[in-house]
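Q: After the structure tokens below, expect a handful of questions from me.
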Amino acid sequence: MDSGLEGNIDKKYKALFGIRHVQAVLLFLGLLLAYGMRANMSIAIVAMTDKDNDNFYDWSMQTQSVILSSFFWGYIVFQIPAGEMAARLGGSILITISMAINSLVSVLIPLAVNYGGWQWVCLCRVIQGLSQGFIVPSINTLIGKWAPIEEKSRLGALIYSGSQLGNAFQLMTAGFIADAWGWPAIFYANGAIGAAWTVIYIFLGSDSPEKSKIIGKEEKLYIQSSLGQVGEPKKYKTPWKEIWTSLPFISLIVLHCGQNWGFWTLMTEMPSYMKQILGVDIKANGVMSALPYLGMYILSFPFGFLTDYLPNKKLLSVTATRKLSNSIGFYGPAIALVALSYSPAGDIMIAAILLTIVVSLNVGHVTGLMIVHLDMAPNFAGTLLGITNCAANIVSVIAPLVAGAILKDETNPADWRKVFYVASAVYIVSNTFYLIFGTSERQKWNEPNDSNDKTMKKQTAA
């Protein structure tokens with residue numbers, strides 16, 4: 001193609017809202033709904049166990065912790081296979097099936113608790129976790145196919161911010177829904193909206209620009225040229241040995257585990273902390289619990305812009321930019337958690353401010369940790385995220401259980417202080433390990449066949 005024409009296409013489609021943005025918005029909404037269905041139990045269980053209600057469930061804190069962690073029992077199972085399947089089958093079909101299953105099971109949860117008690121609730125949550133295991137690895141694969149290099153951080157931040165807005169919306173609305181129509185309505189609403197999204201995505205979603213029926217030729221060429229893959233993208237055999245022996249990748253696993261420990265400790269336990277320590281009722285509880293995630297969503301946009309701007313303008317390397325973003329997202333919450341542990345019991349304002357700081361600064365992982373997989377090996381981004389997400393969500397199972405074991409008396413601020421100390425320490429250790437060993441440089445094993453071909457040519461020449 002003529003270089004002048006290619007330059008015109010590049011300038012034109014950098015500025016326009018295109019089909020790649022439609023895909024990003026659809027994936028953003030999909031994550032919003034998926035994380036909403038993941039988080040709804042945190043608020044619903046407060047209403048279900050409220051002794052002021054006529055029909056409450058007398059579940060101990062340990063039983064509640066088991067219910068809250070049960071989602072992750074299923075979630076970790078398909079993480080690694082999901083990345084491989086997304087690379088081979090395409091991410092869109094996996095996301096469609098996952099959201100359909102989640103929506104159906106969400107509607108069935110009220111029946112499950114009435115007929116099978118907390119054990120059946122756990123079963124439903126395990127099924128939801130199993131199906132949601134395909135979503136994040138598939139989305140990372142789709143970002144690798146749809147996001148031009150110059151827009152990777154911004155589009156990635158937009159898409160992954162859906163998870164935070166999903167948490168915020170769920171926490172804000174669930175309390176009001178439960179108060180107005182009862183806690184079962186929380187699950188009915190989630191199921192109905194999820195079903196609607198599934199239908200829309202079937203018609204508009206696509207695995208890649210090459211397979212999209214609605215993208216224009218110029219925009220498709222712009223994306224392909226940016227990614228350096230004009231025509232059908234190559235498919236490579238997964239270099240498992242190189243992946244598992246890569247110290248930078250191992251440091252990324254450690255980083256992801258640390259983020260999940262801190263984040264999901266807060267996600268699952270915050271509503272109980274609000275009620276037991278701060279004495280906040282369920283409606284205010286939901287709104288206050290949502291504020292930190294709303295803050296994280298808002299911050300995702302300036303973070304996304306800056307983490308594209310700094311390397312594009314050569315102000316920082318990609319590796320330095322990602323490490324800066326991660327450090328804000330890990331060390332910031334660690335410090336705020338220590339401060340939270342010493343906030344006066346019953347002082348709602350101070351606690352709300354500190355919780356907002358703790359969770360909002362987690363945005364650093366969206367433009368750091370989550371994008372590093374794409375930096376290191378875009379051809380295996382789904383597989384890499386499947387591996388790190390699998391390990392991280394094993395930690396997500398453990399974290400609420402550890403919190404439940406520590407909280408002998410959930411009304412005792414000293415017990416909550418221990419929970420916050422542990423989360424703070426995990427944040428600090430995991431990010432420090434990554435700062436030492438991590439990188440965003442493209443790995444040689446990203447194109448294993450090409451590397452082998454070059455080696456063979458050198459040997460032949462010799």
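Note: Cβ is positioned from N, Cα and C throughout, glycine not excepted.
Automatic, uncurated: that is what TrEMBL annotation is.
Summarising the annotation, TrEMBL assigns domain 'Major facilitator superfamily (MFS) profile' to 22-442. Marked as transmembrane segment by TrEMBL: 21-47, 59-78, 90-112, 183-204, 243-264, 290-311, 323-342, 348-372, 384-407, 419-437.
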Q: Okay, the transmembrane segment (384-407) and the transmembrane segment (59-78): do they have at least three CB pairs under 8 Å, pairs separated by 6 or more?
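A: With 3 or more qualifying Cβ pairs, these stretches touch.
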Q: If we skip the immediate neighbours and take only residues 6+ beyond the ends of the transmembrane segment (348-372), which ones have a Cβ under 8 Å from one of its Cβ atoms?
A: 140, 152-153, 156-157, 160-161, 164, 252, 255-256, 259, 262-263, 266, 270, 277-278, 280, 288, 291-293, 295-296, 298-300, 303-304, 306-307, 322-330, 332-333, 336-337, 339-340, 385, 438, 440
Q: Taking all residues of the domain 'Major facilitator superfamily (MFS) profile' (22-442) together, what is their mean pLDDT?
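A: The predicted confidence over the domain 'Major facilitator superfamily (MFS) profile' (22-442), as a mean pLDDT, is 87.
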Q: Should anything in the same chain at least six residues away from the transmembrane segment (243-264) have a Cβ under 8 Å from its Cβ atoms, list it; otherwise answer none.
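A: Distant contacts of the transmembrane segment (243-264): 72, 326, 329-330, 333-334, 337, 359, 362, 365, 369, 372-373, 376, 380, 383-384, 387-389, 391-396, 398-400, 423-424, 426-427, 429-431, 433-434, 436-439, 441, 443, 445.
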Q: With Cβ-Cβ distances below 8 Å as the criterion, list the same-chain residues six or more beyond the ends of the transmembrane segment (183-204) that contact it, or say none.
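A: The answer is 22, 26, 29-30, 33, 36-37, 40, 43-44, 47-48, 92, 95-96, 99-100, 102-107, 109-110, 170, 173-174, 177, 214.
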